[in-house]
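Inspection log for the structure reproduced underneath, given as structure tokens.
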């Protein structure tokens, strides 16, 4: 193939990255800001654990879009991401990126798990899932700061655990499994003696969570397949 073809392809990819980044940035900021306001201000959602997890997810997404999508846009415009001029940012970006990603992915997992337990027909199951248990499930997985991964152990961790498992197959399996169980619970909720407002809220929250999980799987699965493929079959630089 001629060099002009590769040049045109590179120009197209650059333009696509810039404009799609702008659209994603605008929609992401507006959408997550609306989610935060709705779930935090409406009395209907106060005290609701699913709403709490959705607020945390929206905050994480908001910060990710504000920090990293802004960086992508400025890089497309000026051709510089600022790491050469601000060493502290060079180190923080590799810590903040995985942190926001893990928070977002596992807030979705916690939402589906909590919705399953909160809609269960048995009272003791509805009392199992509390915020204290969820907070206790967090453990310290901090990445090493730096612009280049030089530690072989951490490199193996990112290649075979972080990408394919922690933000790959595990969140997909958890969200799919518990969203289906929550949907099954809601189908049976008519038999339970609950106030109409509570039953309607459970159905609405479950429907919203199931739709969120569908989009989550459709958008995340291709990226994870690509990451696993690259890990198994590394691309040669030659």
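Every residue gets a Cβ built from N, Cα and C, even glycine.
Just so you know, TrEMBL annotations are computer predictions that nobody has curated.
Since we're looking at a predicted model, the values are computed, not measured.
For 31-238, the entry in TrEMBL reads domain 'G-protein coupled receptors family 1 profile'. Among the features that TrEMBL reports, transmembrane segment is placed at 16-39, 51-74, 94-117, 129-154, 160-183, 204-225.
Listed as Cβ neighbours of the transmembrane segment (204-225) (distance under 8 Å, sequence separation of 6 or more from its ends, same chain) are residues 48, 50-51, 105, 108, 111-112, 115, 119, 163-164, 167-169, 171-172, 175-176, 179, 182-183, 185-186. Listed by sequence, the residues of this chain that lie at least six past the ends of the transmembrane segment (16-39) yet keep a Cβ under 8 A from its Cβ atoms are 45, 51-52, 54-55, 58-59, 61-62, 65-66, 69-70, 72-73, 76-77.
The average pLDDT the prediction assigns to the domain 'G-protein coupled receptors family 1 profile' (31-238) is 77.
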